[in-house]
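Here's the structure, in structure tokens; my notes come after.
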Amino acid sequence: MLRRKLGLYLALIRWNRPAGWLLLLWPTLSALWVASHGFPGWHLLTVFTLGTILMRSAGCCVNDVADRDFDRHVKRTAQRPVTSGQVSVREALVLGAVLALLAFGLVLTTNAATIAWSFAALAVTLAYPFAKRYVSMPQAVLGVAFSFGIPMAFAAVQSRVPLLAWVLLLGNLCWVIAYDTEYAMVDRDDDLKIGMKTSAITLGRFDVAGVMLSYLVYLSVWALALADIPQAAIYWMAIGLAGLQALWHGWLIRKRERDDCFKAFRLNHWLGFTVFAGIALSYLAA
């Protein structure tokens, strides 16, 4: 019984699908390296890595509770633990609260600026699941939530959030719109039936173009914002490789096949890793 319940809790937080928290982790670590002008130290690396995993897991709990009445009508999500009734709403909320408190405990080991910004991050995280009911581009709200590790990373290192952090957040928001639109393309038919709002529905026949434009803006903003990074040739090479991956994703989603769109979404963490690797190697080579 205990083992079964643990398995359901792990399924609730998508433990077997690390792509979700990796999408959060790479831009956060990139910001840590930029703010620190290199390796940020083991303390901050540990805090932000574990904090990212914990908050993404907490977000899954909140999201599944908020979407439980919608998810039962979507083939891909109908068997999620909360939707199927295997985990109660109360259990999911308690688990989410515990995970969020653990993440906050990590934040408390940093500084006052990071602690203050963590409340804003929490507010956006809680708002996203409900944005899908009222906002035609809820992926933009998710983009803010998934990018908030960037200003928090700068705050942890520099005790302030400079303009550069917000520029990087804006660029990263476009990346989130790109990959979450791919994700939304998988469920578009079901979402239309139940009245869910997504960028894939809003963009309509311009969905693929919207995805590719979002990739272009993301990579362009990050390339220009960090143009003066040490050993910039390494970073520019990484941006080029990330661009090739984006083009491949465009090829995958061109026919709007569900499996191919989902594959493109799942592979996005490699694009984020490529950008992070370029940043880390540039500072290492300096």
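Along the chain as shown, the residues are counted starting at 1.
Every residue gets a Cβ built from N, Cα and C, even glycine.
Sequence annotations record features per position, and here Swiss-Prot assigns transmembrane segment to 19-39 (among others).
For 42-62 (among others), the entry in Swiss-Prot reads transmembrane segment, with the evidence type sequence analysis.
Nonlocal intrachain contacts for the transmembrane segment (92-112), taken as residues 6+ away from its ends with a CB within less than 8 angstroms of a stretch CB, comprise 9, 12-13, 43-44, 46-47, 50-51, 54-55, 57-62, 64-65, 81-82, 118, 122, 155-156, 159. If you look up Swiss-Prot, you'll see 92-112 (among others) marked as transmembrane segment.
Feature annotation from Swiss-Prot assigns transmembrane segment to 115-135 (among others).
Annotation source Swiss-Prot lists transmembrane segment at 137-157 (among others), citing sequence analysis.
Counting same-chain residues at least six beyond the ends of the transmembrane segment (161-181), those with a Cβ under 8 angstroms from any Cβ of the stretch are 23, 27, 30-31, 34-35, 113, 117, 137, 139-140, 142-144, 146-148, 150-151, 153-155, 198-200, 203, 207, 210-212, 214-215, 217-222, 225, 246, 249, 264-265, 268, 271-272. The transmembrane segment annotation in Swiss-Prot covers 161-181 (among others).
For 206-226 (among others), the entry in Swiss-Prot reads transmembrane segment, with the evidence type sequence analysis. When Cβ-Cβ distances below 8 Å are used as the criterion, the transmembrane segment (206-226) is approached by residues 34, 164, 167-168, 170-172, 174-175, 177-178, 181-182, 185, 199-200, 232, 235-236, 239, 242-243, 246, 249-250, 253-254, 256, 275, 279 of the same chain, each at least six residues removed from its ends.
Here Swiss-Prot flags 233-253 (among others) as transmembrane segment, drawing on sequence analysis.
Look at Swiss-Prot and you will find 264-284 (among others) tagged as transmembrane segment, backed by sequence analysis.
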Tertiary contacts of the transmembrane segment (19-39), as residues 6+ beyond its ends and Cβ separation under 8 Å: 45, 48-49, 52-53, 55-57, 60, 146-147, 149-154, 156-158, 164-165, 168, 172, 175-176, 179, 226, 229, 265-266, 268-269, 272-273, 275-276, 279-280, 283-284, 286
Beyond the flanks of the transmembrane segment (42-62) by 6 or more, those residues with Cβ under 8 Å of it: 12-15, 20-21, 24-25, 28-29, 32, 36, 92-93, 95-97, 99-100, 102-103, 106-107, 109-110, 121, 125-126, 128-129, 145, 149, 152-153, 156-157
